[in-house]
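Asks: Pulled these from TrEMBL:
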{"type": "TRANSMEM", "residues": "12-31", "note": "transmembrane segment"}
{"type": "TRANSMEM", "residues": "51-70", "note": "transmembrane segment"}
{"type": "TRANSMEM", "residues": "82-103", "note": "transmembrane segment"}
{"type": "TRANSMEM", "residues": "115-135", "note": "transmembrane segment"}
{"type": "TRANSMEM", "residues": "147-166", "note": "transmembrane segment"}
{"type": "TRANSMEM", "residues": "197-216", "note": "transmembrane segment"}
{"type": "TRANSMEM", "residues": "250-277", "note": "transmembrane segment"}
{"type": "TRANSMEM", "residues": "283-301", "note": "transmembrane segment"}
{"type": "TRANSMEM", "residues": "313-332", "note": "transmembrane segment"}
{"type": "TRANSMEM", "residues": "347-367", "note": "transmembrane segment"}
{"type": "TRANSMEM", "residues": "379-401", "note": "transmembrane segment"}
Amino acid sequence: MFQRWTLSQYATYLLITLFFLSSWTDVNGIYAQLPQIVLTQPESWKLGANLALITNLGNIGPFSLVLYKCLCQKRAINPVPINYIVILIGMLSCFLMIFFWSYTTTIGNEKRSTALLILAFFLSLLDCTSSISFADYMHRFRKEFTSAIFLGESLTSILPSLLAIAQGNGQIHCIQSANSTNTTEAIYETARFSVSIYFLCLFILLTISFVSYVLLQWTTIGQSSYQTDADTLSNEPTESIDKPLTRFSYILLLLGCAFTSSVLFGMTLSISTYVLMPYGHRIFYLGTIISPWMLTLVWIFGMVKPLLSKRYLLILIIIGSLAFAFDLFVSFKSPCPPWVDTTKGSVLILIIWLSTYIFLGYPRLVIANYARIHSTNGMFWYGVNVQFGALTGSVVAYLLIDTFGLFHERRACEQIVC
């Protein structure tokens, strides 16, 4: 893949990766910072559920793009100005977050984190819209650059988590409760730097993303990597592993994209506490920190094998679904799942948790390559299904957790006899 690349093409790949940093880095960063934010905000840990609802309102952006696409079929959507608008909105919101994240107002005799929730909505508007507009923008580049989406996507979780580690966020120690000799309580260690500094670092990442996008648009660096008419005509799989996609197969693949996205970006984020925390805070910490690196591993797989037979694609999705089914089973059994408080159980749940990301993340990457090959609008509809899946998964998780109360959490340092 890289044998005939020039220096400018390598630079283009890097710029595309950095450009994709502005997709979900900010919202992922807010969730990574929750252990620090909830210490001072009036909603405490209920703030997570409030944020989930607010960020889903950002789907107004993707809905508007899909509506325009359906009503104005003869006019193609130009993603370039859309990308400028959403990145600048995200940068401004993240900058304001530095100063106003802790600002509260009284609504209905209760204090609310008004500024945080309003700014989180505008950040989600950037992220939800970018799932479509950024993917659609990739059509101007040759198909070899499609994998840069997934490297950038993995970094949107890795970099905020690394910042949280450097901050000392989420580090606790257990002490005997002052009210009882038989119970312990969790004490969070003091962070090395403030929440405001953390949001400043996120703003810098968004700025780097914006500069990378400007360089892609206004310099000659990326022009050598643009797709030509000859590339379009030869835009077929390099390996004769499958016949050309039928319309039915194309729709099935997009549904597979929606399903894998609903699990990876909707369900797993919501149920992670109920799956991992019963086995101890250390397992929860390792699971949430390592899981974004699994998406980087998926990117490596995609570099080595960008296309896969649809038969093997189905097998991987089935294996990933079984792994997720076990995660879901454990979350329903929380706080007393199988092999709780044992080394065997801790190792097993960590392996299965991380396997879910690999076995569902890699098929999703392959589907993106198929969509890119099949249609000039393939990446647009791929992005639509990514966002549709994420929305569906988060709504289902919200109903299970908050509406029906089917999951029960085990708090850090909590001693439970199962």
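Placement of Cβ uses the backbone N, Cα and C atoms for every residue, glycine included.
TrEMBL entries are annotated by machine, without manual review.
Quick one: how deep are these features, and who are their neighbours?
Replies: With a threshold of 8 Å between CB atoms, the same-chain residues lying at least 6 positions outside the transmembrane segment (147-166) that come near it are 13, 16-21, 23-25, 28-29, 32-33, 134-135, 138, 192, 198, 201-202, 205, 288-289, 291-293, 295-296, 298-299, 302-303, 306, 361, 365, 368.
Same-chain neighbours of the transmembrane segment (197-216): 12, 15-16, 18-22, 25-26, 29, 33, 36, 83-84, 87-88, 90-91, 94-95, 97-98, 101, 159-160, 163-164, 167, 169, 222, counting only residues six or more beyond its ends whose CB sits under 8 Å from a CB of the stretch.
Counting residues 6+ beyond its ends, the transmembrane segment (250-277) has Cβ neighbours under 8 Å at 31, 52, 283-284, 287-288, 291, 310, 313, 317, 320-321, 324, 327-328, 330-331, 334-335, 349-350, 353, 356-357, 360-361, 363-364, 367-368, 370-371, 374-375, 381-382, 385-398, 401, 407-412 in the same chain.
Long-range contacts of the transmembrane segment (313-332) within its own chain (CB-CB distance under 8 A, at least 6 residues past either end) are made by residues 253, 256, 259-260, 263, 267-268, 271, 274-275, 278, 338, 349, 352-353, 355-356, 358-360, 362-363, 366-367, 406-407.
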Asks: With Cβ distances under 8 Å as the criterion, find the stretch in 51-70, 115-135, 283-301 that has the most pairs with the transmembrane segment (82-103).
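Replies: It is 115-135, which has the most Cβ pairs under 8 Å.
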Asks: Against which stretches of its own chain does the transmembrane segment (283-301) lie, if we need a Cβ under 8 Å and a gap of at least six residues from its ends?
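Replies: Result: 147, 150-151, 153-155, 157-158, 161, 165, 170, 268, 272-273, 275-277, 346, 349-350, 353-354, 357-358, 361-362, 364-365, 412.
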Asks: Can you name the far-off residues of the same chain, 6+ from the ends of the transmembrane segment (379-401), with a Cβ under 8 Å from a Cβ of it?
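Replies: Distant contacts of the transmembrane segment (379-401): 49, 52-53, 56, 59, 62, 65-66, 69, 77, 128, 131-136, 138-139, 146, 254-255, 257-263, 265-267, 269-271, 274, 364, 367-368, 371-372, 407.
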Asks: Which residues of the same chain, at least 6 past either end of the transmembrane segment (51-70), have a Cβ under 8 Å from a Cβ in it?
Replies: 27, 30-31, 34, 77, 82, 86, 117, 120-121, 123-129, 131-133, 270, 380, 383-384, 387, 391, 394-395, 397-398
